[in-house]
Amino acid sequence: MDFKYSRELKLESLDALNLTEGIPLRVNENIDLEFRGIERAHSDWERYVGKLNGFHGGRGPQFGFVSACIPECLPERMETVSYANEFAFLHDDMTDAASKDQVNGLNDDLLGGLDFTTEARSSASGKQQMQAKLLLEMLSIDRERTMVTIKAWADFMRGAAGRDHHRGFSSLDEYIPYRCADCGEKFWFGLVTFAMALSIPEQELELVQRLAQNAYLAAGLTNDLYSYEKEQLVAERSGTGQVFNAIAVIMQEHSVSISEAEDICRGRIREYAAKYVRDVADLRAKNELSRDSLAYLETGLYGISGSTAWNLDCPRYQVSTFVDFKTPEDETAKEEFIHVPEQKQFVGDGSIEDQTTEGNQEIVLRKLPQMSTEVIEAPYTYVKSLPSKGVRQRAMHAINTWLQVPMAKMKLIEDVVERIHNSSLMLDDIEDSSPLRREYPAAHMIFGVPQTINSANYELVLALNAAHQLGNPTCLQIFIEELQRLNVGQSYDLYWTHNMITPSMNDYLRMIDSKTGGLFSMLSRLMVACSPRTVSADFDSLSRLVGRFFQIRDDYQNLVSAEYSKQKGFCEDLDEGKYSLPLIHALETCVNSDRDMLRSLLVQRRVAGHLTFEQKKLVLQIMQRCESLEFTKSQLCVLQTRIQEEIDKLVAEFGDENFSLRLLVELLVVG
């Protein structure tokens, strides 16, 4: 690996330990940029989350954690990477003193900012605002590698990040795999590849991550060696009594003292470091890996020496500098699963339980309890349990950063929007004859058309009831107005398809404004009506633009996205005969021969009820000749710019930045 941004540093104390197999210590030349990132993270934490009171993170007396562990971090990325690492240290300290449920709640809070399929737990927290600010900064520098980082970070938050800290381990061998994951292996993979602008080829990824584990284990156990005293103190003060640390595990397994456990731990560190040095040397000699993969693995070498040198004298693990870190109120994580309710056996008289009328001549006069809602809610419960992008819910919580709607009313508004949205999906799938919903059978393919329609209608009644519970007559009026708009919009969508009428682009946009935009309009209007703040800001334009962006993005992805094909079928909109923006553009702009061919294909779809794979490919070829897909993508770019401008206006109106909302829009950009 070429060295452009680092220098070798000799530390006698490091050499005396004999832990790093002679791996030289290299430190990035831009330590000032690292410290600037640390200071900025502290400032933002105090602004968005709370007071730090003497917190110590990545800063050491001579150099910082990032400078020593990623010595070849690009200078223009150092401050951002340092901010990200400090944010991770801050979060880590919160989880150290937390109960198991608190740890899960804290992790789910951050996971919610990374993974749209995770349920949004509350309004965008201060930590989510910091996280969104960081990711927006990273996206502006390098979108491709930031997306890798987001996925890696989400995987880490989902499966590790302290979730096993309360588990007991009977041996070091049992503890080791968990320590490898918990030391931030996945998060660090994303951060290193971003810091150095590395792209690991897909075919090498599994090998690279497997080989790197010895480096992470050496670094993780070194951290255990130096952090044990602090973590023991945290456990005592918090009352958890459980220390997630190799020293504690070794002491219990071998019934030895702290110093003896430390010696055993040092032996394991040397073992992992030596194995890693040999592996990297072999890889260099074979010269079979890509340049970027080898650079990532070589960085692991300097991560071993760098983390050891940093641990030696960093204030973070000195008990004399330790301060308690407060955790927020307990928030229990919610497990998600696909739910298909067990079907009860029905008997001839329509009752669920097998009852007998023998000896009961006056049964018709009995006063009986109301029937259960289990049957009518079964299709809705199924649709609700399917994987969801969850974008509307996240948009609500991001907007609530400004509006500060009380949580009880937010839950009701969420209930209104979710019931209307999912009931609309159930009816849409029937009206469009769609067999799939997010890779799973559509509700009517399981429960039948009549039962699904009845369930969807029932959910609209429950949505009305939730709107009524908001206790504001304005909310009921908003509910009625927007539900009317939504159904009017759907009527035109169905009318055009049934009668094979090509709408103008203006009419198509008006339909979107009523249908897709109507749901965004409903949620923003309900939130404004329930806000304790005096709100003069207008969300109508933002709702309209976001609705158009969502629908047109869906039009585009339906035709080009492999993920959409997996979830809904290849070019499903063409099977349904729906008029999308790309199709309308093609019909308006194609040469006569292509236009006639498109119309003939639409007729064939109506006759057969679908298009063949080959027919769909032909439609796509015509669209490509007409540049309809390029046109659609350009319109998405226009909408994204206008949405950010609308956010700018709202930021000026409220006087507060909204990083969560900006990040939400940025992550939906079509690549």
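Note that Cβ sites are derived from N, Cα and C of the backbone, with glycine treated the same way.
Per Swiss-Prot, the listed range annotated as motif 'DDXXD 2' is 428-432 (candidates: 53-57, 428-432, 573-577). With K389, R392, H421 listed by Swiss-Prot as binding isopentenyl diphosphate, the candidate from R437, R438 annotated for that site turns out to be R438. Range annotated as motif 'DDXXD 1' by Swiss-Prot, chosen from 92-96, 117-121, 347-351: 92-96. It is 223-231, from the ranges 223-231, 331-339, 466-474, that Swiss-Prot records as motif 'NSE/DTE'.
Report note: the isopentenyl diphosphate site is defined by K389, R392, H421, R438, and the residues of the same chain whose CB lies within 8 Å of the CB centroid of those residues, excluding them, are S388, G390, V391, L425. Remote same-chain partners of the motif 'NSE/DTE' (223-231), defined as residues 6 or more beyond its termini with a Cβ less than 8 Å from a stretch Cβ, comprise 96, 179, 183, 243-248, 258, 262, 265-266, 269, 307, 311-312, 316-319, 322. Of all the binding-site residues in the record (D92, D428, Q551, K578), the one with the smallest CA separation from R392 (isopentenyl diphosphate binding site) is Q551. In this structure the alpha carbons, written CA, of D92 (Mg(2+) 1 binding site) and K389 (isopentenyl diphosphate binding site) are 28 Å apart. Separation of the C-alpha atoms of K389 (isopentenyl diphosphate binding site) and N558 (dimethylallyl diphosphate binding site): 15 Å, rounded to the nearest whole number.
A straight line from the CA of D432 (Mg(2+) 4 binding site) to the CA of K578 (dimethylallyl diphosphate binding site) spans 9 Å.
K578 (dimethylallyl diphosphate binding site) carries neither a helix nor a strand DSSP state and counts as coil. According to DSSP, R438 (isopentenyl diphosphate binding site) sits in a coil region rather than a helix or strand. In the three-state DSSP classification, K389 (isopentenyl diphosphate binding site) falls within coil.
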